[in-house]
Amino acid sequence: MKVGVVTFPGSLDDADARRAAAVAGAEAVALWHADADLHGVDAVVLPGGFSYGDYLRAGAISRFAPVMETIIKKAGEGLPVLGICNGFQVLCESHLLPGALIKNSLRKFVCRDQVLRIENNTTAWTSDYDANHEITIVLKNQDGSFVADEATLDRLEGEGRVVARYVDNPNGSYRDIAGITNERGNVVGLMPHPEHAVETLTGPTTDGLGFFTSVLKAVVAS
Amino acid sequence: MSTDTVTNATSTPDVEQPWAELGLKPDEYQRIRDILDRRPTSCELAMYSVMWSEHCSYKSSKVHLKRFGEIPQETPAGKMLAGIGENAGVIDIGEGYAVTFKVESHNHPSYVEPYQGAATGVGGIVRDIIAMGARPVAVMDPLRFGPLDAPDTKRVLPGIVSGIGGYGNSLGLPNIGGEVVFDPTYIGNPLVNALCVGVMRHEDLHLANATGVGNQMILYGAKTGGDGIGGVSILASETFAEGGPTKRPAVQVGDPFMEKLLIECTLELFAAKVVEGIQDLGGGGLSCATSELASAGDGGMRVSLDKVPLRDASLSPEEILMSESQERMMACVTPANVEEFLKICAKWDVQADVIGEVTDTGRLEIDWHGERVVDVLPETVAHEGPVYNRPFARPSWQDELQADGAEKLPRATTADELRATLLQLIASPNLCDKSWVTDQYDRYVLGNSVLAQPEDSGMIRVDETSGLGVAVSTDCNGRFTKLDPYTGAKLALAESFRNVATTGARPVAVSDCLNFGSPEDPDVMWQFTEAIRGLVDGCKELGIPVTGGNVSFYNQTGDVAILPTPVIGVLGVIDDVTRRTPIGFTGEMEGHQLYLLGETAEELSGSEWAHVVHSHLGGRPPAVDLAAEQQLADILINASRDGLIDAAHDVSDGGVAQTLVESALRGGVGARVWAPDNLDPFLFLFAESAGRAVVAVPRTEEVRFTDMCTARRFPHTKIGVITGDTLDVQDQFEIPLTELREVWSATLPAALG
């Protein structure tokens, strides 16, 4: 059971995502942005950070990395993909997920412990949570405000594709949306950081571990 | 304009040169002429002016800083692997690991351009750490500002905080501590000190030098641009004068993305063993890197300046030498390794160019399109700058200041007055909640932050298997230092030492950032010499060395100098980070006994109470007893290791009242406390005597804990119990935690939005 974590130039939470996968019991594999080969991994995490400095738009350049071509193709075939923070931005820029992430409403970087409500526990990454389970994980971002047009938002809600919602919205995200999934439920984008909540020693809780244990089960089941 | 070559300089001795504009004094210019036995070329003049500036040459402080060498160069954890003089000191922490840490100032640039000034301050200190071969693992930023309600503070503070966050967050380095302090003397002179901690294996240590004739000098990282030209000499070495010309062009602009690539690229270069030595380009740019690398090596160096990749093709050779463009490093590489070196740089999309080589001439020779523009002995540029014995004298006003103690000021006596005083203090800018600032910093990235602000010290896990970790704190109470610089510096050291020990780590080393006014003012110079004397005596007494540091002078506007602010960073080692002691009173600690360790005296001069309630500064600072601090540290460390305490918080600014409020709000559970017998409730709550901490002891461990204190004859007094959702000071007042939190956390958002 291998979970690959992509490192783009400017990725920051890649080592953390690998640690979280390992804590969950997976073998973590480092993937390099310029290498289109996924080295046989069973699931992929696009980690947080500021890939390419995010000087253009967050995630706008990373989507063109060779590794992304393979990930986009395999995601269409059902490969579980989790984009965290900058990774969520990359997924939106890659059109694997709808919408976009813009600057926080308060125009400041925000780092805090954040309560989320898990609204869809049927995705590849959330099956270990109870529906409406409230979890506390780390939020830290500059461009974390999720936006989309009304029709898209209605569709996401109608199809049950809102994976997690903020309790006490920190960044102006429309309809308090913290994470969404694709139609198939294998691709999830999440703004807060579950990989920073897998050990009580270094994180606020271990509530984030469920994302990584969920995907292990999803892979075994498939 | 034609190039001013060495030949040209020799044949035109009488050409007028702009030495004064470059910040040199007449005798310094003459000295350069004497060294060269001719006039300098314009390139040489640029190099000398940069390297002989106060910031690079430490010309006013050098004679005093030498005293740090008197402290035994050994830490309680073992020998030092590199000391003062390297980019940063390196300390053995056991298990084959070494740690390097350093704190530096970026004060003047941050006043001129808060965002970029602060951002590049972080960038500079991080490059110092990676140049040693260490992976940066954490940063922290001690900051000082003018009054919170001053209009300029509203300009400077948000920009500085945003710059630190914007740069540090993009590097993926957790920001785990620091300080935010307000005082009127910092108006126009904000202090931005930046600390970085790095970790390496012993065998990865690298020192910066250029040795081996024929080895290639490679410049890698960002291209060189017009930013920061003369930043060091123009900004850091002169006092801002009212109505002077704007100095904005001299501030550097940072690119954290490039710095992140530089970190990964440099560590990969070290791991591949393809470098002999690396130096970062910071203050002084290429002038500094070439002259320091060459003088630390065993030969000379020849550089073709026209090979430096430029962002702005119109730059002159003088400007290239002075440019302080960020995110650049210079490496010395054997010819056989050049190809592999360039390959690794290409992997990280980092530009790298061979611009010179090590020679056997002993001279630093720089050419511009084939013409020699610099021909000097590198050590005359790097190390043989002027050294000043600046006059110093105890200020005429010092006695009067010390005679005006705060102990005579009217105090709260009734329960209502005490309650009101407590609320007034916790809402004051220096004691209030700082999360408006710290929530803009990423404290979680890398996943090894065991403790971060507002804990007493930041703590980082170094080894995931063994639990080995390090803790760092920075502290300075500038009011104490103003009242008595010798004692004040010792108190800063004591507080930082105590903060590290409170978390359960053993303090092992010191790095300092000495922020003072103009060295040309004998009063300031006296403060400086006294502070160093205090630090040297203090470190000797505590048995910990100073491993590096930084001096920032000229922090004054007109005649008004800042409070003397020797910021002291102490680094500690903890064998097992799971044993760390946090400050918060949590639900699991309900019923734990609270003990006050140390003695409380009638010490109110320089206190937050005197500052906030009476706007008063006078008298003598609290007494400092480093033997007692050492004993207290031993108790805190042993109690942490043996599981005798579950929470601990040092007592400093604001006294026991502030300590209790912070611990209660951090963990969400209150306390019922009482003033010990023979101690006036006001002094119990607000006196700022040093050498104290409040600890939470489980009932089951109470006997063992008190026995340990008794055996060591250390004062320990039961002052209460953790319980409920209020702070209940028996026979006086009771305040709900909700009210405390509201008052404590409202101040910064109300002022800054």
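Cβ coordinates are placed from backbone N, Cα and C, and glycine is handled just like the others.
Just so you know, TrEMBL annotations are computer predictions that nobody has curated.
As the structure is a computational prediction, the values presented were derived from the model and not from experiment.
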Per TrEMBL, B:Ser105, B:His106, B:Asn107, B:His108, B:Arg127, B:Gln252, B:Glu324, B:Ser325, B:Gln326 bind substrate; matching candidate in B:Ser511, B:Ser518, B:Ser552: B:Ser552
TrEMBL annotation, ATP site containing B:Tyr58, B:Lys102, B:Gly549 - matching residue among B:Asp27, B:Asp141, B:Asp512, B:Asp521: B:Asp512
Secondary structure content, the domain 'Phosphoribosylformylglycinamidine synthase linker' (B:20-59) (per DSSP, counts of residues): 25 helix, 0 strand, 15 coil
B:Glu104, B:His106, B:Asn107, B:Asp280, B:Glu324, B:Gln326 screened against B:Tyr58 (ATP binding site), Cα within 10 Å - retained recorded positions: none
Assigned element (helix, strand, coil) containing B:Ser105 (substrate binding site), judged by DSSP: strand
Substrate site span - longest C-alpha distance across B:Ser105, B:His106, B:Asn107, B:His108, B:Arg127, B:Gln252, B:Glu324, B:Ser325, B:Gln326, B:Ser552, in Å: 21
Pairwise Cα distance for B:Lys102 (ATP binding site)/B:Asp128 (Mg(2+) 2 binding site) [Å, integer]: 8
Pairwise CA distance, B:Asn107 (substrate binding site) versus B:Gly549 (ATP binding site), rounded so that it is a whole Å: 15
Average model confidence [pLDDT] within the domain 'Phosphoribosylformylglycinamidine synthase linker' (B:20-59): 93
Distance [Cα-Cα, Å, rounded] between B:Ser105 (substrate binding site) and B:Asp280 (Mg(2+) 2 binding site): 16
